[in-house]
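Taken from TrEMBL as is:
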- 23, 52: Mg(2+) binding site (BINDING)
- 172, 173, 174, 175, 176, 177, 178, 203, 204, 225, 226: sn-glycerol 1-phosphate binding site (BINDING)
Ligand code: 1GP
């Protein structure tokens, strides 16, 4: 089954997926084995790799190291075209549809084609929607776009539907890495209600309560990054036997 088919099936089966986000700029190759041991013992189902700005060539080194230590699918979540490497299994081909900056709507996509036209990566068209997380995050700074206000559910729903109607296979509601507040549950629920494609939620999720709220609101896949960089002890709370319900 392809990565996308697997996520679509999870939505149908109401199974909860969890991606651990690894920013190649924030981990060294030597730290990968230990980190991946913890990921493997957790309920994580996917590994995302990417950052807003990553030095050329670094992503490939980290992806190769990750693959040595896990069987989980490794999916690129790139901030720009230079982060693309064939060594991963798939790529979220992200269009920042909440923004009005052509560079992140189509510019980087065109720049990536030299790398992608003969790729073995599974390319997953994804509508990426930035929601105000209460502070300026790197996505906002780098993309120079304005996030959707956290109370504007209508704009979030309309943007998500515009993405789905334009062929996006996934919609990613993003508060931004290190956001003060995650995407509000009510907004997630309204978006999920209107869409037929699966919804990914990430940004600012730092405790199990926030994680469970995102799933309860209907997210199929939740992404966690910063808390695991700052406090690897959080993996204890994500251990397979600690959260059996999420495995059903
Ligand atoms: C960022 O959604 C991801 O793109 C994860 O965010 O680092 O805040 O967990 P955090």
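Backbone N, Cα and C atoms are what each Cβ position is placed from, and that goes for glycine too.
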Cα distance (Å, whole number) from residue 172 (sn-glycerol 1-phosphate binding site) to residue 23 (Mg(2+) binding site): 18
Residue 52 (Mg(2+) binding site), number of other Cβ atoms within 10 Å: 19
Neighbourhood of ligand 1 - binding-site residues from 23, 52, 172 with Cβ under 6 Å: none
Among 176, 178, 204, the one of these binding-site residues whose Cβ has the fewest neighbouring Cβ atoms within 10 Å: 178
Residue 226 (sn-glycerol 1-phosphate binding site) in three-state DSSP notation: helix
Fewest Cβ neighbours within 10 Å, where candidates are the binding-site residues 23, 174: 23
